[in-house]
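Take a look at the structure below.
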Amino acid sequence: MGSLGPYQRKHKIGVVGSGNWGTAIAKIIAENAASNSDIFEEKVEMWVFEENVEITKDSPHYSSSLQGTQKLTEVINHTNENVKYLPGIRLPANLHANPSLEDAVKDCTLLVFNLPHQFILKSCESIKGKILPYARGISCIKGVDVNEEGISLFSETIGRILGIYCGALSGANIANEVAKEKWSETTVAYDPPHMDSKAPTPQRSPSSSQVELVQFQHKDTSGQMSKTKLQALPSDYPPIDHVTLKALFHRPYFHVRVIHDVAGTSISGALKNVVALAAGWVEGMGWGDNAKAAVMRVGLLEMVRFGDTFFGATINQATFTEESAGVADLITSCSGGRNFRSAKHSVERNLPIEEIEKLELNGQSLQGTLTAHDVNKFLKKQGMEEQFPLFTAVYRILEGRMQVSEIPGYIER
Ligand SMILES: NC(=O)C1=CN([C@@H]2O[C@H](COP(=O)(O)OP(=O)(O)OC[C@H]3O[C@@H](n4cnc5c(N)ncnc54)[C@H](O)[C@@H]3O)[C@@H](O)[C@H]2O)C=CC1
Ligand SMILES: O=C(CO)COP(=O)(O)O
């Protein structure tokens, strides 16, 4: 390790986000940057949305120099621990918490986006034109972007705002388990236009040094095409392909399969959060495992139908059943995810789920509640609520217009 091989430059990595999953994925990336120093710069930047944290006498890091009100970034850099969003996990020393988003992404060739989805648009707008034009992205976000024009994957939205190509990472990945290095699998989906290596090839010979511009097109369901000029990665960098992405994310405890289906990977990650709410409610009612399995069965069918109906041309249905991003994520999320647990507790404690989120998650953010609203807004516009009875029931229960006890009758059709 340490030799640059045929390439003169290394990839600099920036992680946009530092919540529960954001920090866990940054830990993985920093570990891999250190052990693949022929491809990656060792120092990894992680953008932290700055906030104050209280270091009290009960904190394991309490000392004469670290006490009272402190900036989260300073605590992370001082202790190598994200005491707020991933407590108890030691982070690699080459991971740098940075309160400036602009500074964290500066000169990065690879950007990994890992924020609750409601914050992504504003964050991307703030760095538009301030990143390398030939950077590439990976979105770890579980959600869909619904706007006036239709529905987009967050990988597409990020790509459109920043003028870059962006793939996706999603899988059965409860962050706290991954951070504790308990074995899991994930799916990385990456399928850029021809200028980036399309097949998972180990070839690494430098190609022409010319910078080429091509049109990259992505479309939403209203049929609109938007074009992004995609700039080729200079040939003195190792190519950003399936091999490089595997080197970035794969760990002995985090097994990566790299595929081409970005839409299937992203859609399943977003929609399983809606199903997990229903699973949590059913569990909270004390109805047992059979009832939860019924909700998951219908949920999976609706996930596949949604992908097929609205992203049909680009999606590979096998992703839902064969990859970690599909049914495996549905299973883990309906067993121990935050959406599942919060929904369960909201029934058990007879409190709105938003209140459970505030009481129990210490600043972490549920994505299923927001996605249920986003998905319903979109389905309503298409006149298709009835074709997705579970998604519609989840939305109506959140709105207080339906009871959990009505789920079995409503989804049986
Ligand atoms: N936590 C998990 O187990 C997993 C989460 N995911 C997905 O990863 C994405 C990120 O989730 P987490 O990292 O867990 O986040 P989180 O749920 O821990 O959210 C907290 C994060 O949001 C940030 N934040 C709060 N207000 C903000 C603002 N105004 N602007 C920007 N950031 C702000 C906080 O600084 C903190 O970093 C989500 O889409 C989630 O569904 C995916 C797999 C596992
Ligand atoms: O996506 C997840 C596991 O893969 C985590 O889901 P929650 O956000 O419900 O915890």
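Including glycine, each Cβ sits where the backbone N, Cα and C put it.
Worth saying up front: this structure is predicted, and the values here are computed from it rather than measured.
What TrEMBL records for the NAD(+) site is G17, S18, G19, N20, W21, G22, F49, F119, A175, R338, and among Q231, Q367, Q382, Q387 the residue it adds there is Q367. Of the residues K128, K130, K142, TrEMBL puts just one in the substrate site with R338, N339: K142. A Cβ within 8 Å of the Cβ centre of K142, R338, N339, the residues given for substrate, is found for these other residues of the same chain: N273, A276, S333, G337, F340, L366, Q367, G368. Shown are the binding-site residues K142, R338; of these, the residue with the fewest other Cβ atoms within 10 Å is R338. For K272 (active site, proton acceptor), the same-chain residues lying six or more positions away in sequence with a CB closer than 8 A to its CB are K142, G299, M303, D329, L330, S333, C334. Residue density at N339 (substrate binding site): 27 other Cβ atoms are found within 10 A of its Cβ, drawing on all protein chains shown. Residues from the recorded positions list (K272, R338, N339) with a C-beta closer than 6 Å to any atom of ligand 2: R338, N339. Put simply, the two farthest-apart Cα atoms among K142, R338, N339, the recorded binders of substrate, are 13 Å from each other.
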